[in-house]
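One structure is given here, and the rest of the page talks about it.
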Amino acid sequence: MDKQPVLEPTFDSVSERENTSIEESSLLENNGFDHRNKDESLSVNTSPPLVCRKCFELGHQTENCKQKLTVNSENNSAQNEKEKVLPENPRARSNFISSLCFWYTIPIFRKGYRKTLDSTDLYRPLEEQKSDILGNRLCASWERELKNDGRSPSLVRALLRVFGWQLGFPGLAIFVVELGLRTLQPIFLVKLISYFSGEPDAANAGFYYAVAQIVISALTVMILTPTTFGIHHVCFKMRVAMGSMIFRKALRLTKGALGDTTSGHVVNLISNDIPRLDSAPYTVHYLWVGPLQVLVITYLMYQEIGISAVFGVLFMLLFMPIQMYLGTRTSAIQLKAAERTDNRIRMVNEIISAIQVLKMYAWEQPFEQMVTHAREKEMNTIRQGQYIRGFDFARRIVLSRVAIFLSLVGYVILGKVFTPEIAFMITAYYNVLLAAMSIYVPSAIIQTAQFLTSIRRVEQFMQSEELGSSDKSEGPSKDTVPGNPPSNNNEADLLKSAISIRDLKAKWDPNSPDYTLSGINLEIKPGSVVAVIGLTGSGKSSLIQAILGELKANSGQLQVNGSLSYTSQESWLFSGTVRQNILFGQPMDSQRYEEVVKKCALERDFDLLPLRDNTIVGERGATLSGGQKARISLARSVYRKASIYLLDDPLSAVDASVARHLFDQCVRGHLRGSTVVLVTHQEQFLPHVDQIVILANGQIKALGDYESLLKTGLITGLGSLSKTDKAKTEEQEPLNLNSPDNKNEVTPIKENSEQTVGGSSSGKEHVERQESGGISLALYRKYFQAGGGLVAFLVMLSSSVLAQVAVTGGDYFLTYWVKKESTAAGHGEMEDMESKSMDVYKYTLIIILSVIMNLSSSFLLFNIAKKASIRLHNTIFNRVTRADMHFFSINKHGSILNRFTKDMSQVDEVLPVVLVDVMQIALWLAGIIIVIANVNPLLLVPTLMLSVIFYHLRNLYLKTSRDLKRVEAINRSPVYSHLAASLNGLTTIRALDAQRVLEKEFDSYQDAHSSAFFMYISTSQAFGYCMNCICVIYISIITLSFFAFPPGNGADVGLVITQAMGLIDMVQWGVRQTAELENTMTAVERVVEYESIEPEGMLEAPDDKKPPKTWPEQGEIIFKELNLRYTPNAKAENVLKSLSFVIQPREKVGIVGRTGAGKSSLINALFRLSYTDGSVLIDTRDTRQMGLHDLRRQISIIPQEPVLFSGTMRYNLDPFDEYSDEKLWGCLEEVKLKEVVSDLPDGLASKISEGGTNFSVGQRQLVCLARAILRENRILVMDEATANVDPQTDGLIQATIRSKFRDCTVLTIAHRLHTIIDSDKVMVMDAGRVVEFGSPYELMTKSDSKVFHNLVNQSGRASYEGLLKIAQETFESS
């Protein structure tokens, strides 16, 4: 297997394949990220990671390994091996001739011919192509637009300011070619025909006319090819600049703007809208060159044939308004299609992000139907645009012929006799006009319309509301609302506080009459620890967001004196090493790092991770448990040196003992002397804070220390323990994680820790697969099969052949007509009018047939393409949703999304156009060859030679370009992954001032992509240039051959030369399009690759194995010798090990254990989400024998990470309209959300933002609880379902569950012991085994192992006594 490279810098991952591994650079060791080295070069590391070779190959450290990883950067750097730096781009050192002739591409062609290219074979991007430089220039230009008060900002003006001369200069070259060289060609053609027709005036100059023809063709090639490349190059740079600008803007969006702008929309801007820049700037010059050319050529033709010239030109001009209308329609259609594409991508993005929850709800099929419906609507809109393209393709072929027909018929009707010179001069001139007026000008109109539509979408995004620049430095910072300046008297008081808030009012929705925070007055002293508590949805997180500056104040005053660090309520990790996630761009301080790791209770996890803190954690921390993610996020915040730490409920995701450790050792220990604002629901810690803030409905309900609030009774109202118990919590003993009770073995990575992203235990990351070799015929067959099958293909092919027969027949008939007229004139005979009329009728019939057949063939092909796109998309979406969870752990979110965005965009829009081009050009070339062979069969010799040369050149080109296209596609995926990850962690990124670090990483990914894309367009243009040169040689042979083998008359010369001249554009374009077809088919290849995904199992069992509709009636659950692993590798270590236990019907079972003990894996086994041995029986039925939906529909789940979808509240509760509004309101009332939803503008129809960001995490968990109540299943699973809600709401919810699910079996995973202390039984798990299982009271008093006893005891003496009392009462009442 070839080594797969990884380009540095790599924020997203460190990729490896087999023996190839990536070692962090010294900058990575010091900063947590790979930054650019001084020459900004991309590099590939080939050294092993910082463990011994044996340990690396095994994927874990051996017992005897003495080379254990440390966080000491000096020790690490001592093991570094020399990097392999990517070489300088040969274009950077090429001279003028080399650049003009594309000689600098020879090394990559040579390498591509010998081997399969990958990222290691690329070069560093040119200085002018670097993303950061281009982004800086365009951002500066856009800022000038924003500061111009006199007019609306224009992205077009901003682009022209930066790239204007590079876009304008090619217009001069196009002007010279079109109005100079191409206009001269017909003149010399006429002279050459005159020579072979025996005209006396041309007798001595025929050879010179032939040479002039050849020279003009050569000059056209030498000017246009570099010009085309130059425009592609500048378009590519514009795209990079806009991508960088969009990413920077995304990092500045306010929460409100982010709610209105979905991540799918931002991804679509970069994947679909920006690439439309690639073609419009080239054709736009024809909007002014084309009209000038029409005037000049019309004048020249008028000089020769008089008013007849106007007939054809007017016909061509009459199509211009139609083209303008179609351009407008195309713009409107594209905008509508883009909106529908945004909607589809948003849905796909949400589904992929929440796939596990979707599977547990058994919602795959209904959501698949929704995406299918969205896809149909999207493709119906795209089809309208394709039909316009089909009309345009047909028009291109027949327009010049109709124009020629009108001019010649007019010329004949006027009583004049046309000669070969007249006929082929008109033909040549109209062919020139065809290129300009029928191809380039209409294309310019359509592409400019599409370009402007995309520009408007980017402009709209760039004008979205953004946060003001806030300087979170060591000095004081203010957020003072205009109109409410602080008085001089208050200034000194403000500076005495770490955080000072005066009369603050703020709201997320500017249109809402209600404030999220209202009348907030708060002074936080430097060095104090402040706890913020309150009911779910009371505004705790919003207060933190206001301090961060994320929630803008509507009135009042907020001042922060000092630098901030922040831990979010929902842990945010990116796909990188644990160390990268903790350092997050900060310099490496070994002593501080070790201290933070210890205080955040991560040492044990590091010891057991395959590569310690250099282990890849997976995208969004997918391979870690919730507790591990929370502690790594906390460590990131704590490692950052700041004076103020904002911790948004980091203790809810960990168990009681770890929470005690984090509070004692981290909050009160390591952060002693710093200001800490801690949002928490853990009341046992309240006696040990300096100040408590109680929030209710966005207002401060009470403020003070523990003793004063205890006397008011406000604290007691929040908890489940008695007032006496809480008073005794001051006697709690500090937690010692090194005590014997805490040295039980723990699994390092959560339930899917058995493999990291790479699917093994090595801690390495999965590398996206790159195909090799050519595109197989089977792939084409699969594509056309998806488009309607063999019959549809044959009908379309037959129609295309008939269309070309009609077109070639028209050309041949014209030659026949010219010969007939000239022969009659040569004999002094006049052809009768009846005969002339018959010729006119015949020619008219041929033209009409050409129009009909070309339209038919184009529409048929586009219809096939539309069907293929829909079926391919729906097929792979079905495969993805049916894939097992292992697939999602080894494939990045961005990589999967890439298939549904850029790859499907290629299949939808690019591939049909290329297919039409290839088919029509192939048939056109066949027609030309037939015509040439009919005139002089000997000309088939150079034609055959040309074909052989082109065939070998094409193969040489394809081997290189196909690999470059694949590498380009693979290098594109990290751009989307990085963008999506950054949008998810926006608050954390901004709070830690990491925007610049993230921007550099995004720029590095764009540079890696640019490296591949630039070489792709370079090799493409080099190939085109080479073919053009060969075409010039071919035309030279054809033209000069007439002097060696004189034809019978000038008409044959005119026919052959006009046909051969078309080859200079047609052949090179055709061969390039066949190559482009193969390259575009790589998108189909990447899409079809997902068709081979193995499904996780049948959804519905056969009738004989399907459980009864009333199943399960009892809710008994039996585990028999169950083993579970997260990889299909049967030899992999099991995460759950030989579990055997029985849960009785209607039993309430609490499941506890340290982070990574296997609690959530138990739930995965119940839902059959992973690979298992042994059996799970529910009411005596083996769940392995039934369909997945038969099983999952009968189990309700409240997941650990609550998931809401963008849409309405009703849609999130009941996406398929199965229940009445009354039923929904009843469920909301039972979970204490009725009042919250009632206060929304539209009640159940109120909008939910993407990811449910306009609701707190606790409220989202309550919505998930409402879903479970709606389903009324016999078995309920709660995985940390109330971890983020306050104790009072938790108590009310527990009461609701006890009432609503009295006759149900309930499994509850919880870190809060009081949540499960009244359960019938408690299951204690550790290292994937059940170590205790019994009633809570018995486990606390009679158990020999005392694991549960010790766990409860660690919560403190007072808490232990209160929990024991509740357990005893439950035991005695059972």
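Placement of Cβ uses the backbone N, Cα and C atoms for every residue, glycine included.
Since we're looking at a predicted model, the values are computed, not measured.
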Look up N45, N561, N971 in Swiss-Prot and give me whichever carries the note N-linked glycosylation site. N561
Between the Cα atoms of G539 (ATP 1 binding site) and G1156 (ATP 2 binding site), what distance do you get, rounded to the nearest Å? 31
Near S541 (ATP 1 binding site), which residues of its own chain have a C-beta under 8 A away, given they sit six or more steps off in sequence? Q569, D648, D649, V679, S1256, V1257
For A1157 (ATP 2 binding site), the one of G534, T536, S538, N1254 that lies nearest, given that the recorded positions are compared by Cα: T536
Mean pLDDT over the domain 'ABC transporter 1' (499-722): what is the value? 85
Compute the mean position of the Cβ atoms of G534, L535, T536, G537, S538, G539, K540, S541, which form the recorded ATP 1 site, and then list in sequence order the other residues of that chain whose Cβ is within 8 Å of it. S542, L695, A696, S1256, G1258, D1286
Residue from S1160, N1254, N1353 whose C-alpha is spatially nearest that of L535 (ATP 1 binding site), among the recorded positions: N1254
Report the same-chain neighbours of S538 (ATP 1 binding site): residues 6+ apart in sequence with Cβ closer than 8 Å to its Cβ, ordered by sequence. L695, A696, N697, G698, D1286
Calculate the distance in Å between the alpha carbons (Cα) of T536 (ATP 1 binding site) and S1160 (ATP 2 binding site), and round it to a whole number. 24
Give the one range among 205-225, 305-325, 845-865, 938-958, 1025-1045 whose Cβ atoms make the most pairs under 8 Å with those of the transmembrane segment (404-424). 305-325
Nearest to G1153 (ATP 2 binding site) by Cα, among G534, G537, N1254, N1353 (recorded positions)? N1353
Given 282-302, 305-325, 1025-1045, the one sharing the most C-beta pairs under 8 Å with the transmembrane segment (938-958) is 1025-1045
Decide whether the stretches the transmembrane segment (205-225) and the transmembrane segment (1025-1045) have at least 3 CB pairs under 8 angstroms, with pairs required to be 6 or more apart in sequence. yes
